[in-house]
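S.K.: Annotation comment: TrEMBL describes 55-96, 96-137, 139-180, 262-294 as repeat 'WD'.
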């Protein structure tokens, strides 16, 4: 009997959720940060969606948010022309990095010592977080707003996607462009998987996978709706896609076959990411909510408890619903 996907809904935001990111796996589990147009990024326990805290200080929409691997630091990119760095344990603001225009993307190096930013002024900036008063290194070349910028190749290179319909690979030491990928449409999302050096891009109704070092195409997959975001499972078994039709699609990575599609959101899906253990994926939407979805439906994990069909008709079935959202056959 097929199991029904029961997503966990995380409320609290008052405007569209436009970006989300997971930490690595820590001694305390893993964590999830969300960026929202309400200007109030939120930190949650990753496997349950339980709210931990809200980072207060931005004076405009927050377009990008990230955590370092250890979940000790957070960074946010906002429409108030700043990027901010936060203590993710206390919630305290550590740094405000002034920019000349709206900031869209923030990304830590693996050692958390440097922050890469990108935004509407078309310039990539590298901040030394141990010398916050020093001027950042600046890398120019994009001709339109930068949507996403990520460290890659052990932080020796940078990948950036912009509204000029290109993705560019940069060398960190020379600050020169290594390769440029042109597209017919603006790239809507970009994810970098260090294990295996895979770059996941979405544009139009297409999800494309590239080798992140050579920028050679591995494969493309066409999907039913305009894509806003795509994410590859850590084991590279599946990838998930969210976009304009409010649905989430799950595909087999090797065969490109559509495995599942779910409608849970009440607006376009702006961002989707797998958790670091691959057990769930999180989506953020125009409807102001985050939802957590199980990769393997029916598995007991986090707040999900596998309920067998005969248990649902037992006399004390009401008790099942008091503990967690249950999965029904």
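Including glycine, each Cβ sits where the backbone N, Cα and C put it.
Unlike curated entries, TrEMBL annotations are predicted automatically.
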S.K.: Looking only at residues six or more beyond either end of the repeat 'WD' (139-180), which have a C-beta under 8 A from one in the stretch?
M.R.: 64, 102, 104-105, 107-111, 114, 116-126, 186-190, 192, 194, 197, 199, 201, 212-215
S.K.: Using DSSP, what is the helix/strand/coil residue split across the repeat 'WD' (55-96)?
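M.R.: The breakdown for the repeat 'WD' (55-96) reads 0 helix, 22 strand, 20 coil.
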S.K.: To what whole number does the mean pLDDT across the repeat 'WD' (55-96) round?
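M.R.: The answer is 98, the mean pLDDT of the model over that range.
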